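According to Swiss-Prot, the features are:
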BINDING   10, 13, 36, 39, 42, 44, 47, 195, 345, 358  FAD binding site
BINDING   50, 93, 160, 163, 450, 454  L-tryptophan binding site
ACT_SITE  75  active site
SITE      354  site 'Important for activity'
BINDING   356, 357  chloride binding site
């Protein structure tokens, strides 16, 4: 029976894991977290999936308490700028498409919608709320989306009943610090020391980690949260890493923390802006913006990328320190080997174009608890865990490649190369089908990876991948109910914009 878990590495991945295991198992499992005091954390301004709400709810944490501690803000979706033409943009929100007479509103927009209004504005409330910089909550704390039940308590991704209408922006280092306080208060043993050697038994399983000051720290299960270096999963156990560089070549990023001159300009969305050799994120925190340029060093040098980033978001601010990051893009073929599970960057990472970093961590932790060993180490459970994690990451990879294949620009060598680069087989089939109709549940990746049908539809239409004609069935149906729903969306948008506070106004009220 598993009695003790040793987590090697802190940061967001380590402390999310420690907190979740304590929330799940309480004192029935001993948890130790070992982290070096000398490791520089990669954490920058972090954007998340809406599913992260389930993580904080599972821990019993109040958003009004933890979010201000972490310089947090709200995220209603992602705004994609300049992926087609300069000045053009669209939103990829968390809001699901409404359905009328068996067809979603995107199908109806293609058939009878007013093309003078963009797809995202016509079909989503979120588009106009983002434009107006509105918070997703009233000043009394009530949620604008009445169909979402906030009383679910300890629910997981698998139990979610409705898409939660927002996610968060936050300072990843502050979240790690906050969760460390939570975990330590609940009995997690915290060891600040350098791991000098990893011990293995005669089977090759990890027996303990040997530290500089605290000697050997033994355990039954070891969780590798050591980042891209993969101290346990790769360096010790020899896990094979599968690179995605053939389809996702971006391998570096440079980040800046930029003070925001006007507080009221705080936006409730992440921005992904196409650049000459990649794209730039803008993540609004409470008092500043996090900006970063994700690029391929095949097309631009780190120095050139930093200059392009500075000239775009902080001209004349040479005093702002740049953080250069080298990224390992891909996944381990197995993220659970013997008695070691990799979580976070040590397991898998893709460029943060759709804010999947925290989502990967959360999904890995939840699946670890669901597949937790009992009296014996069941190889069927371990295999099932590895299969689920691989399918999740591969599904996200496919979705990200869509962004580049669909982008309507070829103005630099980088973007020209994106058109000719290889793509996953599954994506090729989806793009073939997209020429005749919008994708549906049967054509989306069959395993859960976080991106549902509406996400694929939104990216296709936003990037200009439009079917040659609407669904023929709609030409034989009464369009009146759909036209009434378009009008209802417009009216509800007007009412919400009038009623909701600005993003900054609401967040200032809970500081």
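Every residue gets a Cβ built from N, Cα and C, even glycine.
Note on proximity: among 50, 93, 345, the binding-site residues of the record, the Cα nearest residue 357 (chloride binding site) is that of 345. Spatial neighbours are here defined as Cα atoms within 10 angstroms of one another, and by that definition the neighbours of residue 93 (L-tryptophan binding site) among the recorded positions 10, 75, 356 are 75. If you measure from the Cα atom of residue 356 (chloride binding site) to that of residue 50 (L-tryptophan binding site), you get 11 Å. When the CA atoms are compared, no recorded positions among the candidates 10, 36, 345, 354 lie within 10 A of the residue listed as 'active site'. Closest in space to residue 50 (L-tryptophan binding site), of the recorded positions given as 10, 36, 345, 354, is 354, taking the CA atom of each residue. Highest Cβ count within 10 Å among the binding-site residues 47, 345: 47.
In space, 47 is the closest of the binding-site residues 36, 47, 345, 454 to residue 354 (site 'Important for activity'), judged by Cα positions. For the recorded positions shown (36, 50, 75, 356, 357), fewest C-beta neighbours within 10 angstroms: 36. A strand conformation is recorded for residue 47 (FAD binding site) in the three-state DSSP classification. If you compare Cα positions, residue 454 (L-tryptophan binding site) sits closest to 47 out of the binding-site residues 36, 47, 345.
Residue 454 (L-tryptophan binding site) has a Cβ environment of 24 other Cβ atoms inside 10 Å. Classification of residue 93 (L-tryptophan binding site) by DSSP places it within a strand. Around the Cβ of residue 354 (site 'Important for activity'), 22 further Cβ atoms fall within 10 Å across all displayed protein chains.
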